[in-house]
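Per Swiss-Prot, the features are as follows:
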type	residues	note
COILED	73-106	coiled coil
REPEAT	126-165	repeat 'WD 1'
REPEAT	169-211	repeat 'WD 2'
REPEAT	216-257	repeat 'WD 3'
REPEAT	260-299	repeat 'WD 4'
REPEAT	322-362	repeat 'WD 5'
REPEAT	382-419	repeat 'WD 6'
REPEAT	423-457	repeat 'WD 7'
Amino acid sequence: MSLLPPEQRQLLHRCILNYIRSQVPGDGAEGETGGQTEERHVMNSLAKWLRVDPDGLDGEKAADGSLLPRKWSSIVRLQRRIIELEKEIQELTDENENLRENGPSSPANGALKSWLPRERPSFSISAGASVTSVKLHPELPLVFIATDAGKLQCYDLMNYTMPVASVQAHMRGITAIDAYVGEDSQCLVATASKDLHCKVFRFVDSELQLIRTLSGHEHIVSHIKIWNNSTNTLVASCSRDLTCKVWDIANGWCLKSFQPHTEWVRCLDVMGDFVVTGSNDCTVRLSHWPTGRSLSFGTGHEFPVEKIRIIPLQPPESAEHSHRFNTHDEDYLPLGFSHVISTSRDGTLRIWQVPLPRFVAHRAPQPNPARPYFNLVATLKGHSSWVRDVRVRGKHAFSCSDDRSIKVWDLSTCEVVRSINNLHSGFINCIDIDCGGLNRQLLVSGGADGKLVILMK
């Protein structure tokens, strides 16, 4: 007995008959051949068996032979949607079980740092142009967005209908931004641009106020980092002119300019007096910026390096969040880190152990002749195109790529534990996640499609 009601069963039979009729040749202009007579006989027999009037199929709607394939395609789409919903239900079930076992998430129980984003976005924001860099406010529920049109915007994640602040920061595209909150609770936002300039803005009273323009690079400024060094707030920048420069925001002076690579310096990260850089020459390098001296370097990438990040050492009391790349090591305390992670256009992420330089009392660090090279300890493969950005949080690394996916890697096993697809319709240029300060369960990504996508619990 059929599970379909009579009307749906009749419609299905008509669709079947129409589909078969659309696949056989039509009637001849003059008479019928033997083959056509046999086909007509088969069609009449099938119509009789299905209890469909073959003469009632001549209407425009009835004669549509594509109706059955369309219905089949809709079933496939429904099945795909069912699979997505089942996956979402499983994620919610896992979260519920975790709450039952461990209680609410808090910094004390470490649940926040082990958070993995869901595969469905919470919401998205249209930036109006390709998003080139994003940065979460270190303390407030705000996100700073930079676009290839040179605009810098700030959105409140609790009310994202309109930007809190927006300014045309540069005449050409912004390549990178960074944010820092000092002891006086002032938020400073640094930008780098294709117009050869770096700028520093103060975010206060829902305004982005320009306080400093840093000029000196002779080509595109690729990346920027802002941090506090002792009592001064400094900015480090790198450029296609092959140089890295360190600036004092208080007066706008360039404190140091040095050339760590032989080709375009694409990216950098800073900790204290040490800077790590990645370049079009496919190498990564450790330098002591106050002297400009190169201390060691690593080779292994096959194409230009897109991003490099320092993996800071964990304090002894945070052993629960430790893995082999950030375990507390007394020998590395003067450096502040033992490993870095880099991404490349070769589709891989690579984790490097940085060799310790020679530390001599009352002298600048010296290269160690016995260990001049980085030690490649892990290669993470999973992306199928350029890997644009990476962030490290707890025991996980988060990467985004031109293959339109965000992947979450377990640093204990170097395996993908979650792959998030279909967030953007174009390349994913940048991501950010809380790596320190407030442990919010929040990830943002920016794409070439002009969208900022937010994933939160």
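Cβ coordinates come from backbone N, Cα and C, glycine included.
At the 8 Å Cβ threshold, with sequence separation of at least 6, the repeat 'WD 1' (126-165) lacks contact with the repeat 'WD 4' (260-299), having fewer than 3 such pairs.
Cβ atoms under 8 Å from those of the repeat 'WD 5' (322-362) belong to residues 269, 271-272, 274, 276, 278, 282, 284, 286, 288, 295-296, 298, 300-316, 368, 371-381, 383-390, 392, 395, 397, 399, 401, 409, 411-412, 414 of the same chain, restricted to positions at least 6 beyond its ends. For the repeat 'WD 5' (322-362), the DSSP counts in helix, strand and coil order read 3 helix, 15 strand, 23 coil. Summed and averaged per residue, pLDDT over the repeat 'WD 6' (382-419) gives 95. Each residue in the repeat 'WD 7' (423-457) gets a DSSP state, and the totals come to 0 helix, 18 strand, 17 coil.
Taken residue by residue, the repeat 'WD 2' (169-211) breaks down under DSSP into 0 helix, 28 strand, 15 coil.
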